Each structure stands twice: as C-alpha cells, then as structure tokens.
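Asks: Quick one: the structure is below, and I'll ask about it shortly.
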Amino acid sequence: MKPTYRIFNAVVLGSLVLDQATKVLIDRTMDLYQSIPVIDGLFSITYLRNRGAAFSFLADFSYRLPFFILVSVVALGVIAVTFRKLRDDQHLAAAALALIFSGALGNLIDRVRLGEVIDFLDVYWKTYHWPAFNVADSAICVGVALLAVDMIREERRKAP
C-alpha cells in the first residue's frame, strides 16, 4: 500500500472514531443544553444539537437534511478523487484531505442517524461566544489549514 494511502486511512479512522466516540459520550452522559465549565470564562462542554451547518446556517431550510446529505456525499467524492491524484510524497496533503474527509463523514453520519449534528465544544470570551462545534468540525478546519500549508509548499517547490 502506498504511503499516502496508509496516512489517509489511519487519519480517517482515528479522527472518525474520536468524533463519533465523543458524540456518543456526550449524548449518553449529558442532558441537552447542559454545560460543564472546563476553563472558567473560556471553554465549556455544552451539549447542543445543530440542524444547520456552521453558525446554524440553513437550520430552518425545509429541505436542509437532503441538501446537507447531498452536499456531504459530493464533498466526499471530490475529496476521494483529489486524494487519488496525489503524488506518493504528498504526505501532508494526504493527512489534510483525510481530516476534511473524516470531518465531513462524521457530520454526515450524525445527519443520517439523528437528522442533526451533535455539537459540544463551546469556546467563549466574556460575552462573545463562538458557535459550538465538534471534533468533525475541528478536523475539517485543521485539514483546510494543512492543505493551505501544503499548497504553499508545493508552489515553493515548483519555483525556480
């Protein structure tokens, strides 16, 4: 198996297991809207359900569930095709795409299973609250950042 495939599979498996395990743990041990302060004034574990996307985008859209499922499936396909085009030495890009893939898949599993996504990571400062998120959302963000770093590295590699 090519190194990029080993990286991709390991990152997808690890990230997806962590995402789903934390969501099951939150769902089984906390009441909806319950909040547990972790770092006072900065971070709490707060059990929420999100019917929309980031920032509850399209939460009230009547066809939101089929729309988000379709978008997720298309995104997974695009990521898979993009991954297959990587060179054997593009380890960072493989890990980045794996994080994005696992994040999209983790939230897709929630949407299919529950009709919404479990969010629980609650970051805030004084009166400012960042919208709650989960491990899958974090994986997507980290993956996108790593992909940007890889693209910059690739451009520098190509430069004379």
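In case you wondered, yes, glycine gets a Cβ from its N, Cα and C as well.
OK, Swiss-Prot features for this one:
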type: ACT_SITE; residues: D119; note: active site
type: ACT_SITE; residues: D137; note: active site
type: TRANSMEM; residues: 63-83; note: transmembrane segment
type: TRANSMEM; residues: 89-109; note: transmembrane segment
type: TRANSMEM; residues: 132-152; note: transmembrane segment
Asks: For D119 (active site), what residues in its own chain, 6 or more apart in sequence, show a Cβ-Cβ distance under 8 Å?
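Replies: Correct list: L48, R49, N50, P131, A132, F133, N134, D137.
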Asks: Below 8 angstroms Cβ to Cβ, which residues of this chain, lying six or more residues outside the transmembrane segment (89-109), approach it?
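Replies: 3-5, 7-13, 15-16, 19-20, 23, 68-69, 72-73, 75-76, 79-80, 82-83, 117, 134-140, 142-147, 149-150, 153.
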Asks: Just counting, how many other CB atoms are there within 10 A of the CB of D137 (active site)?
Replies: 21
